[in-house]
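Colleague: When I checked TrEMBL for this same protein, it listed these features:
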type: TRANSMEM; residues: 30-49; note: transmembrane segment
type: TRANSMEM; residues: 70-93; note: transmembrane segment
type: TRANSMEM; residues: 105-126; note: transmembrane segment
type: DOMAIN; residues: 110-247; note: domain 'Phosphatidic acid phosphatase type 2/haloperoxidase'
type: TRANSMEM; residues: 201-218; note: transmembrane segment
type: TRANSMEM; residues: 230-247; note: transmembrane segment
């Protein structure tokens, strides 16, 4: 009795299969995300450039808000957790094959993470390099008595002992809240396809909600005197541009 033919997987076919699995897993993209995340952590623990300032500069004499209207924890809820929940719900509830649903979800979440992490990295890179004083710097600094009021001084005149409070006072430009919110909620806006051909008014209005949410977060940064209009405008543009590029 003749034996059935044994199917042998050629080296070329195996190589093609491995290459296909590698591409479908987006391993390079996840690795890139890891590298960006490591770079971001390094930026977080790096002291910014400390630009000279004057105590009589009214632009940096605003009070330090102990409680922020949108703290970092809530920024993550609005700009990261909320988009993840909405994107996941829509992807799994949509029609189509099960495999295609998970692939679309994978690609969407990866795109969101890349947009947010690159935005954070780029924003903090500029923050540390520019070292622009925040509007509440004097209140943070608590300059020692006898410090000249009409000449440029350095951060060494400050008596604030909390390291983060003091050095974060030189990270005004651009606004991280603004760039992060527009990157996350801007990406969500793109996922909603609100402006595609044939969209009705209702869909367009619903699609505007993420952008309005990001704008609301931006406004709170000026109300807390963490940033001025220049800071938040630049941050918003950075976040929106990264979101658009990531989505495309």
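The backbone N, Cα and C atoms fix where each Cβ goes, and this holds for glycine too.
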Colleague: Need a quick answer: max count of Cβ pairs under 8 Å to the transmembrane segment (70-93), which of 30-49, 105-126, 201-218, 230-247 is it?
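Modeller: Looking only at 30-49, 105-126, 201-218, 230-247, the most contacts with the transmembrane segment (70-93) come from 105-126.
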Colleague: Within the domain 'Phosphatidic acid phosphatase type 2/haloperoxidase' (110-247), count helix residues (DSSP H, G, I), strand residues (E, B) and coil residues, in that order.
Modeller: 95 helix, 3 strand, 40 coil
